[in-house]
Amino acid sequence: MPLLGLLPRRAWASLLTQLLRPPCASCTGAVRCQSQVAEAVLTSQLKAHQEKPNFIIKTPKGTRDLSPQHMVVREKILDLVISCFKRHGAKGMDTPAFELKETLTEKYGEDSGLMYDLKDQGGELLSLRYDLTVPFARYLAMNKVKKMKRYHVGKVWRRESPTIVQGRYREFCQCDFDIAGQFDPMIPDAECLKIMCEILSGLQLGDFLIKVNDRRIVDGMFAVCGVPESKFRAICSSIDKLDKMAWKDVRHEMVVKKGLAPEVADRIGDYVQCHGGVSLVEQMFQDPRLSQNKQALEGLGDLKLLFEYLTLFGIADKISFDLSLARGLDYYTGVIYEAVLLQTPTQAGEEPLNVGSVAAGGRYDGLVGMFDPKGHKVPCVGLSIGVERIFYIVEQRMKTKGEKVRTTETQVFVATPQKNFLQERLKLIAELWDSGIKAEMLYKNNPKLLTQLHYCESTGIPLVVIIGEQELKEGVIKIRSVASREEVAIKRENFVAEIQKRLSES
């Protein structure tokens with residue numbers, strides 16, 4: 001019985017005691033019914049858990065709780081990102097948090113080992129989704145969709161060593177934008193880069209640079225340098241680490257761990273240290289080795305066209321052709337890109353932020369065909385915004401500046417200076433809610449007025465409506481500005497309209 005292997009030794013005594021009870025009425029002879037055994041096992045497990053000393057309440061490694069203050073900041077970031085996606089015509093969609101394991105395997109290269117596999121509980125082998133791209137490709141193939149522009153915001157899971165201080169987690173949120181369909185070259189790709197620029201500029205994170213390359217150029221470079229084709233993806237994964245490791249360390253990994261000839265690694269080194277603009281694209285056209293490779297020439301041709309469109313979009317100065325960019329995921333087939341924040345001089349009290357890339361993406365023309373029984377391809381290109389890393393940067397800057405975050409959007413507080421006015425407060429707040437105004441009150445029969453006003457000041461509520469004996473007698477409501485502490489009496493029947501007017505002017 002598999003469950004028995006999970007029990008600690010000290011729980012066996014409790015289990016045996018329960019199993020020695022008389023059989024239940026549905027049992028025959030000495031044969032124990034499955035339900036009784038399962039109940040005994042679970043009871044013993046629970047007792048063992050309760051007896052466990054020094055139990056620590058914590059979140060699992062690589063995860064975090066988000067406080068109300070965190071959620072305000074995160075929602076502002078997500079609102080900006082999603083509004084940009086919608087501005088470019090994308091439709092929202094969602095997919096399950098887990099997929100069939102076979103859906104995800106062999107799509108991520110060496111990173112496949114980072115997937116979270118789930119225990120078989122229903123005859124299917126499942127894994128938590130590793131990204132939002134592969135589920136999207138599965139959706140297109142399953143529903144025979146040939147053309148779609150979509151955005152997707154959701155959590156993904158990766159079983160890697162987390163670095164919380166740099167915004168890296170095992171559970172994190174991704175914001176994806178993708179264009180699926182057969183279109184003329186580089187027009188959708190240019191729009192994706194434009195979207196990345198709009199979002200990063202809107203978030204005001206500082207100067208940034210988007211590195212671009214093409215997987216056909218990467219593969220062509222490997223071929224002319226002498227890399228065996230069987231090692232292309234493995235070497236690509238090593239090159240992808242150049243943003244985190246020095247060239248000598250990447251070279252060591254390729255030669256010692258992956259068996260690449262030292263002279264081949266040195267030839268690769270000559271290329272991966274090159275970066276620039278469209279002039280570098282022209283230079284690579286003239287390269288004696290790279291110009292002899294058909295794949296590389298196709299990639300260079302598309303990049304030249306891409307830079308023409310980026311110039312028309314007014315963002316060419318934000319783009320750098322970088323031969324060190326490889327994007328280790330197996331499914332990329334064409335243009336690839338990655339946005340990084342440029343280090344700026346730190347202000348007093350600030351620590352330098354090193355969070356790696358904050359957005360990335362590329363073209364994956366063959367992924368949908370991997371799910372189609374007939375291999376029908378749907379060309380796709382997309383991007384992903386690194387919300388956790390962006391959130392980390394914004395959070396650190398707010399801490400440095402001592403900025404406070406208002407955690408509610410309450411506009412009006414309903415208060416009273418006297419006892420026995422709960423019913424009147426309930427009537428007022430119901431009118432406010434029914435008019436679409438965000439309102440609160442204290443859940444006490446007879447709260448003190450000073451307590452109510454202090455609550456408004458501490459939570460940033462801008463307006464207070466006050467009802468008391470005098471107001472009730474005169475048929476008015478007092479409206480108080482929390483900031484200026486000025487009060488004005490408004491006729492009872494007009495107070496909602498007056499509040500709506502003030503809110504619209506603020």
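Each residue, glycine too, has its Cβ placed from N, Cα and C.
Features as listed in TrEMBL:
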type: DOMAIN; residues: 62-417; note: domain 'Aminoacyl-transfer RNA synthetases class-II family profile'
type: BINDING; residues: D131, L132, T133, R158, Q174, D178, R327, Y331, Y332; note: L-histidine binding site
Maximum Cα-Cα separation in Å among residues D131, L132, T133, R158, Q174, D178, R327, Y331, Y332, which the record lists as binding L-histidine: 21
Fewest-neighbour residue among binding-site residues, criterion Cβ within 10 Å, set T133, Q174: Q174
Local Cβ density at R327 (L-histidine binding site) - other Cβ atoms counted within 10 Å: 22
For the domain 'Aminoacyl-transfer RNA synthetases class-II family profile' (62-417), the mean pLDDT of the predicted model: 91
Spatial neighbours, same chain, of D131 (L-histidine binding site) - Cβ under 8 Å, 6+ residues apart: Y108, V156, Q174, S384
Neighbour count (Cβ, 10 Å) for Y332 (L-histidine binding site): 26
